[in-house]
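Asker: TrEMBL lists these features:
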ACT_SITE  S200  active site
ACT_SITE  D354  active site
ACT_SITE  H384  active site
DOMAIN    121-274  domain 'Alpha/beta hydrolase fold-3'
DOMAIN    324-387  domain 'Alpha/beta hydrolase fold-3'
Amino acid sequence: MEMFFAIAFLCVVFLLSALILLFFGVLYSEMTNSEIPPGVSHANKLHFIHGANIGIAILGKILENISLCQQVNFTRYCRERLLVQKKPVPPELHIKDLLFSDVPVRVYLPTAPNAAKRRGLVFFHGGGWMFGSLDSYDHICRYIAIHSETVVVSVAYRLSPEHRYPVQLDDCQAATLHFLKVAEADYGVDPIKVALGGDSAGGNLAAALCYRAAKEGARPQPCAQILIYPLLQMADFHLPSYQQNKMVPMLFRGRTIFYCLQYLNGDMTLNEEMLNSDHVPVEHKLRYRKWLGHENLPSECKARGFSLRVASSHDEEVYDLLKQALEPELSPLLAPDDVVRKLPPAFILTCEYDVLRDDGILFKKRLEDLGVPVTWHHINDGFHGILNFFDGGRLNFPSGKRAIDHVVEFLRTL
C-alpha cells in the first residue's frame, strides 16, 4: 500500500512539474515571439501587461485541456475579477445598471446642473467581440462622462463564441433605439446630439451601426461616430500596419483574424485562407484597391517598410463561407459611396504600433473624399488598447491619457 501511494505521489508531482514546465515554456515562446518597437514608450510596462494576458490565456488552455473549464470563460473571469478594481461612485455622477430593450446597459449621468439639454454617447466596448464588459470599461465611461459633461450609455452586448454576427450589432441597435426614445424625458439629453462610439471591435460596431442608420434613413441619425482604433475591414490583412505591427501587443495579426472568425462563424480552419484573402474574389480585390491601396496612406505609414501583394485567384468555397465578412455591416470601410456620403461626422483615433492603424486612416480618407467631416488624432507612441491604461497607477501610460482626452475634447464640441 505504501508503495502504491508513493508511486501515485510521484505521478502527481511529475504531472504538476510537466504542467509548470509547459506553462512557462509556452509563455517564454509567446513573449520572445512578440515585438515591442523602440518607439513605444514605457515598453517594460507593456511587456508585463502582455505577459500577464498570455499567462492567463495559457493557464486557461491547460484547464480546458484537462476539462476543468473553458479557456474563454477562465480568461473572462480573470480579466473581470482579478484585473478590474471597483471604485466608489464619485459625487459627479449618478450610475445606474438598467435594461434597454432587454440589453444590459450602464448609464452615467453627470450630476452637475446643466441649463441646456445634454449631449449623449452610446458606447460599445472593445475586446474582439469576445471579451469586455460594463465593469472592465467602467473607468473609461466614468472619465468621459465627467470630463465631457455627457450622458454615457455603456452597452453590454452579447459576446462570441456563444453568439455570432449579427447578434452583437442587433443588441447595440436595440439599446441605442431605446435610449433615443427616452433620452430627453429621462436623462435631459437632446436626441439629435447623441453620438455612437467604441474602441476596437466596439469601434467596428459603432461604424457599422452608423452605416445601418444611414442606409435605412433612420431618424434621428447619430450626430457623430467616435471610432477609437477601429477594425473597419476584413478583406486585406496585409496592409502596411498589419505587416509592421503583426507581433506587437496588445493585438497580433493572427489574433485579429481569430476574433473575426469567431464573430463570423467560429470556423478556425479558415484562418490561413482569410489571412491570404482567399475569400475575396479577384474582381473585388481590384475594386477595393481604390480604397485599400497603399497609395491612399501617408508616407509616414510606409516608413517602416512593407511588401506589395498581387491580386491572385480566390477559393470559391472559402468565399461562400466568408462572404459575409465583406458586407458593410462587418467591413464599413467597403460601404458604397452613396451611403458613406450620408454618414455622420467622425472622430477617428489611431495608434502607430497597432495592426488596425491603417483601417482608421483609410476610412478617414474615404470619408473626407466624400465630404464627411473628420477629426483625426494619431498617437505616435501608442499601441492597441492604450485607452484602457490612462487612470493612474503603475500601469498607466501617458499616451492613454492623451487618447481619452482627445475623445473628451471632441465630445465637448458636439
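Backbone N, Cα and C atoms are what each Cβ position is placed from, and that goes for glycine too.
Unlike curated records, TrEMBL annotations are generated automatically.
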Asker: When the number of other CB atoms within 10 A of each residue's CB is tallied over all shown chains, which of the active-site residues S200, D354, H384 has the maximum?
Answerer: S200
Asker: Counting by DSSP secondary structure, give me helix, strand and coil numbers for the domain 'Alpha/beta hydrolase fold-3' (324-387).
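Answerer: Each residue of the domain 'Alpha/beta hydrolase fold-3' (324-387) counted once, the result is 25 helix, 18 strand, 21 coil.
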Asker: What average pLDDT does the predicted model assign to the domain 'Alpha/beta hydrolase fold-3' (121-274)?
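Answerer: The answer is 97, the mean pLDDT of the model over that range.
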Asker: In whole Å, how far does the CA atom of D354 (active site) lie from that of S200 (active site)?
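Answerer: If we compare the Cα positions of D354 (active site) and S200 (active site), the gap is 10 Å.
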Asker: Using Cα coordinates, what distance in whole Å links H384 (active site) and S200 (active site)?
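Answerer: S200 (active site) has its Cα 8 Å from the Cα of H384 (active site).
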